[in-house]
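First the structure, in the form of C-alpha cells, and then the observations on it.
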Amino acid sequence: MLTKFETKSNRVKGLSFHSKRPWILASLHSGVIQLWDYRMGTLIDRFDEHDGPVRGVHFHKSQPLFVSGGDDYKIKVWNYKMHRCLFTLLGHLDYIRTVQFHHEYPWIVSASDDQTIRIWNWQSRTCISVLTGHNHYVMCAVFHPKEDLVVSASLDQTVRVWDIGALRKKSVSPADDILRLSQMNTDLFGGVDAIVKYVLEGHDRGVNWASFHPTLPLIVSGADDRQLKLWRMNDTKAWEVDTLRGHMNNVSCVMFHSRQDIIVSNSEDKSIRVWDVTKRTGIQTFRREHDRFWILASHPEMNLLAAGHDSGMIVFKLERERPAFSVSGDSMYYVKDRFLRLYEFSTQKETQVIPIRRPGSTSLNQGPRTLSYSPTENAILVCSDVDGGSHELYIVPKDSVGRGDSMLEAKRGVGGSAIFVSRNRFAVLDKSNNQVLVKNLKNEIVKKNVLPIAADAIFYAGTGNLLCRSEDRVVIFDLQQRLVLGDLQTPFVKYVVWSNDMESVALLSKHAIIIASKKLVHRCTLHETIRVKSGAWDDNGVFIYTTLNHIKYCLPNGDNGIIRTLDVPIYITKVVGNTIYCLDRDGKNRVIAIDATEYIFKLSLLKKQYDQVMNMIRSSQLCGQAMIAYLQQKGFPEVALHFVKDEKTRFNLALESGNIQIAVAAANEINEKDYWYRLGVEALRQGNAGIVEYAYQKTKNFERLSFLYLINGNMDKLSKMLKIAEVQNDLMGQFHNALYLGDIQERVKILENAGQLPLAYVTASVHGIQDVAERLASKLGEKTPSLPAGKVPSLLLPPTPIQCGGDWPLLRVMRGIFEGGLDSVGRGLQEEVEEEGAADADWGEDLNITDVDGLQNGDVEIVEDGEVNEGNEEGGWDLEDLELPPELDTPKASVNARTSVFVTPTPGMPVSQIWTQKSSLAGEHVAAGNFDTAMRLLTRQLGIKNFAPLKPMFLDLHNGSHSYLRAFSSTPVIPLALERGWSESSSPNVRGPPALVFKFSELDEKLKAGYKATTSGKFSEALRIFLNILQTIPLIVVESRSEVDDVHGLIVLAKEYVLGLQLEIKRRETGDDVVRQQELAAYFTHCNLQKPHLRLALLNAMSVCYKARNFNTAANFARRVLETSPPENQAKTARQVLQASERNLVDEKQLNYDFRNPFVICGATFVPIYRGQKDVACPYCSSRFVPAQEGKLCTICDLAVVGADASGLLCSPSQKR
C-alpha cells in the first residue's frame, strides 16, 4: 500500500472522491462532513448541519453538488461552491445508510434502516420511487454504472437486484402515441416503477455491502458472516460463483477495483484485504493497530482508493504507477505491459524489444522499479521488489530490436538496487553487509567494496562512481579509489537526475529538490507543498521538473516558477528546446510543447546577457505582476517599467530606477498629494530643482517652496512667495520670506502689523532704521525695551548662493545596463546584430533572376546617420612637442642651516615614478608620462614599430590620468595624479595604479557601433571603428584573467572585421575586373563575422557570381545562405538563385577560389593561403600574410611588423611573467 494522504478525526462512515479535482469528502460519526484536498493535505471546508452521524456522502459527477444522508432521517443536497445546503429531502423514517447520485439522470438513491430504498429526483426535489421488499435494515443501495439496475444489501441476509427500467422510461418523454397512452394508463391506474430482478441468498448473517463490477455481470457482497461472496447474473437468473474467506470480523465494505482484476474489502477486524478475482485468493492484507474499517471508496478516473476507520481515513494506491525507464542519448528504454520497449526521441517511434519475465508471486508492487542501460554492450538491468529485492540482466541482441518476440534468459541476482558503473560492470547493493558487489556481464562478482554510509539505495554518479543514499544524506563514492568524493545532508532522496554534462545533479525527494554540483557542493534547495514526481535538465542548465499538477522550472540560483499546469501526473524523460518528452502513468509516450520564454528571460538576466534580455523584451509577450515583482526584486526596475501600464506601479518603478521624467508623467495622471510629495523628495535627491519646484507647487507646499528659492538664489520668486503669504494672511510665512529676502523694513512692518511692537522696535533699532524706531518708541512709551549695552549688532542676511537658479545635479543617476534600449528599439547589439538596416544599405544590387519577377534584396527602410568625415590627417610625432606643466624647482635643505630657519621638506618619490616602478603594462607607463618605456614595452610585447596612430591616444591617456589645481594666480599650477579605485578610506602612504581613460567596457560600445555601421553598409566608417578598437587595445588594462581572455577574443574579432571590410572596399574600387571582384566577394565570406553580417556577405557574393554567370559558385553561396536560417525574403532569393543555378552548374570564369580546401586570406595581397602553404603572421593581431610580406608593416592593425618576435600582449596585473 502506498499511502498518499491521512487524516485524524472522528470515525469516518462515508467517503466520496471528486471526479476531476483532488478532493475527497469524508462524513463523520460526529455529524460533520469534511472536504479535503488530498494532494495539498489541507482541509478546504466543513459542513455541519446534520444532527447525529452522517453515514453516506457522494459527489455529483459534473455539477458542483454533493449529497449526504444521516441519522437525522434527512438527505441534504449541498452546493460546495456556495458553501451551503440547497435543500433537504424528507421521507425516510429511520437512519439513512447510503446515498448516491445517478451517473446520468437527476436521481439520488438512498438506503435506510426503515427497510426501504428510495429514489429521488433532485431537480424536482421529490421522491419518485420507493423500493420495498427487504425485511430488515437496508445497509447499502448502489446504481449500476451502465444499466438500469440497483443492488441493495440488507441485514435480512439477502442481496437484491432491482430493475428500474420502467422508471427510466417514465422519466424520458415517450416518442409515439402508443407509448404515451400506456404511460397515461400507468399514471392513472398505478404501476410498478421498480421490480426485484433477483434475490441473492447465501450469507449466514446480515449483509453490509454489495456492489457491481464496472463492466462484467458480477456482484460482490460482504457480510457479518466474515465472508465475501461473488455472484454472476444474466438476463434471467443470478447465482453464487465463489466465497472468499479470510476476514476475522464483520466485512464492512467491498468493491471491485476499476482498473485491475482485484477485489478490495475492509472489515471490523482492522484490515484491508486485496483478492484476485480470477484465482479467488487473497493477494495482500494491510492492517491497522487499533482502528476498525467502515467504508471504502475508489476514484472514478484515477488509480486511488480511500478507506475510513475509527480515527480518520487514508487515501492510498495499491501499486506504483511510475514506469521504469532509462534515457541514453536519443533513445529511451522503458518497461510497459511486461515488455521492454525502445523509444526514439527524434523520430518519436516506439518499438517492442523483448518480453520481461513475470514475477512468480501474486503479491502487489512486484513490477520493475528501476532500469539501467549500458549502450555499448546493449545490456539492460531491471530491478524490482520480487523476493525482497532482486535484479535481472538482459543482453539484448541488436537484431531483436523491433521484433520483441524472442524470450531471453535473464541472469538473476539478489539486490533490488543495481546500476551500471562502466561499460561492462554493474554494481549491486548488498544491504545486509552494507557493501557493493561489482559484477561483470556474466553475473560473476568481480569486486566487493564496503560503503562509507549505511546505504539503502545506489544511483549512477559517473563512470566508476556511485551515489549512495541513506535516510538523511547522500555521498558520492569512487569504487576504484574507495574514496568519498562528496557528501551532502538531504531529506530522503527518491530520484537522482544528472545534467547532460554531468556537472550538476538534482536530488528529488518527496517535497524538495536539492541542486548540487558533481562533487555534491550544495547550490540551492526548493520546497514544494505538492509531491515532486520527476525532472530533467534542459540544454541551458535549467532544471525542468513536475509535481502532481504542474510543470515547473528551477534556475541555477534557485529561482523557480510554473511553466504550465497538468491534468494528470507525468514523468519527464527528456527536455529539448521547447519540447518535453514524458511518460504518463499508462506507460504512453507524450510530447508536450512548452513556452520557455519566462525562464530563458530570467536565465539571461542571471547570466547578465542583457542583449538577449532586450531582444526578448521587444519580441515577446512577457508581462504580469509576477514578472514585474521579479524584475524589481532582482534590481531591474527600469526593465519592469517597460511592462507596466498601471500608473501607480509605473510611478513606484520610475522612482526606484531614478527615471524622473516617467515619474512626472505618472504623477500627472494620478494627481494625488502623496505622489507629488514623494516625487519632490526624489527630485531633490537628484538635484532636479525644476521638478522639485513643480511638485511643491502642485502640493501647495509654500514653506518648502520658499526654502528652495532661497537655496537657489531665486529672489524674484521669493518676493512672489512673500506676496502669496500676504494674500493668504499667513503671518509666519510672510516673516520667513522677509527673513530669507533680507528685507528688514518688511520684517518690521510684519511685526508691527502682528502687534509685536517691542520686537518691531528692536529690529528697527538694531538695523539702524531710526525714524521707524522713534515712531514705535512713541507708541510703546514706557514699555520701550532697552537694548543691551556694549554689543555690536550685525546684519542678519542669508548667504549669497554660489549658483543661482537652474538645476544643480547633486546626484548622478546612473543609466541602467540597458542604455535606454527600452525607449529606442533600433540599437545595435553585440550578439544579435540587427539586420533591418542591411536591406537598403549599400550591400549589393538587385538580381534579375530568370522566372522571377521584381525580386529585391529587401524592403526595410533605415535611418541614415550623419555623414562621417573619413579624411583623418595622420602625421609623425616628436616627444619634444609635449606641452607639460613646468617642474617646480625644489631647493635642497642645507645641512648646516640653523634650526630656527624654515626648512622645506625633502621631496618624496613622484607618483608617476611609483606607477612605473613595478609595472610592465604599457598603458600605465603612458599614464605616468614615460612614453619611451611604454614604446619599448609595446615593441617587445607586440612587435609594434609604427607609433603614429597611437600618438593621440598616448596624449589622452597621460592627460586623463592627471588633474591640475590652480590655487592663486601668482602660483604655478599643481599637478595631481588620479589613482584607480581610490576611496576616502585608502591609506595616504599607499599609492594605487593610475586611473586610465580607456576602459574595456568602452570598446564594447565601439564594437556595437562598428556592427551597426557594417549592417548599414557604411564600410569606411565601420573600418575606422574596428581599426580604432585594434589600436586602443594595447593601452587597455583589465583586472581579471577572464577579462584578459575577452581582450584576446576582441583582437581576433576586430582583426576579422578589418580584413573583411578592406576586402569589400577593395572590391568596390576594382572597376572592370569581374574575376577579381568575384574573388574578393568570395574571400569576404570566409572572414569570421557575426551571423547576420556573414549572411549579408554571402548574399553579396551570391549576387556578384550569379551576375557573372558563375552558377556553380553562386549555388554554393546560396546553400550557405540557407544554412544560416535567413529571414523569409532572403531565403526566397537564395532558393531562387539555387534553383536557377542548378539548371547549369558551371562557372563561366575560372576563379582563384576553392571553397572545398580550407584557407586563410593574406592581409596585404588579398589572395588565399591554402592549408599546407607557408605563411607569416602579425605578432599583435595574428593576421596571416604570404612569406614575401615578412618584415613589412601589418596592413590590418597598421602597428606591428609582420613576422617580428614578440612575447605577447600584457594587459592585466594578474598575468604573472
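Each Cβ is built from the backbone N, Cα and C atoms, and glycine gets one as well.
Model, not experiment: these values are computed from the prediction.
If you look up TrEMBL, you'll see 340-584 marked as domain 'COPA/B second beta-propeller'.
Taken from TrEMBL, the feature domain 'COPA/B TPR' applies to 611-772.
The domain 'Coatomer alpha subunit C-terminal' annotation in TrEMBL covers 815-1216.
Taken from TrEMBL, the feature repeat 'WD' applies to 47-88 (among others). Same-chain residues lying 6 or more positions outside the repeat 'WD' (47-88) and placing a CB less than 8 Å from one of its CB atoms are 13-19, 23, 25-33, 35, 94-101, 103, 108, 110-112, 120, 122, 125, 300.
Restricting the average to the repeat 'WD' (89-130) gives a pLDDT of 94. If you look up TrEMBL, you'll see 89-130 (among others) marked as repeat 'WD'.
Taken through DSSP, the repeat 'WD' (131-164) splits into 0 helix, 20 strand, 14 coil. Annotation source TrEMBL lists repeat 'WD' at 131-164 (among others).
The repeat 'WD' annotation in TrEMBL covers 200-241 (among others). Residues 136-137, 139-140, 142, 144-145, 149, 151-161, 247-256, 258, 263, 265, 267, 269, 275, 277, 280 of the same chain sit 6 or more residues outside the repeat 'WD' (200-241) yet have a Cβ under 8 Å from a Cβ within it.
Sequence-distant contacts of the repeat 'WD' (244-285) (same chain, at least 6 residues past either end, Cβ-Cβ under 8 Å): 1, 205, 208-214, 218, 220-224, 226-230, 291-296, 298-300, 303, 305, 307, 309, 318, 362-364. The repeat 'WD' annotation in TrEMBL covers 244-285 (among others).
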Long-range environment of the repeat 'WD' (131-164) - Cβ separation under 8 angstroms, sequence gap at least 6: 94-95, 97-98, 100, 102-103, 107, 109-113, 115-119, 193-201, 203-212, 214, 219, 221, 223-224, 231, 233, 238
Beyond the flanks of the repeat 'WD' (89-130) by at least 6 residues, Cβ under 8 Å: 14, 53, 55-61, 65, 67-71, 73-77, 136-143, 145, 150, 152, 154, 162, 164, 167-168, 171, 193-194
Residue distribution over DSSP helix, strand and coil in the repeat 'WD' (47-88): 0 helix, 23 strand, 19 coil
Helix-strand-coil residue split for the repeat 'WD' (244-285), DSSP-based: 0 helix, 25 strand, 17 coil
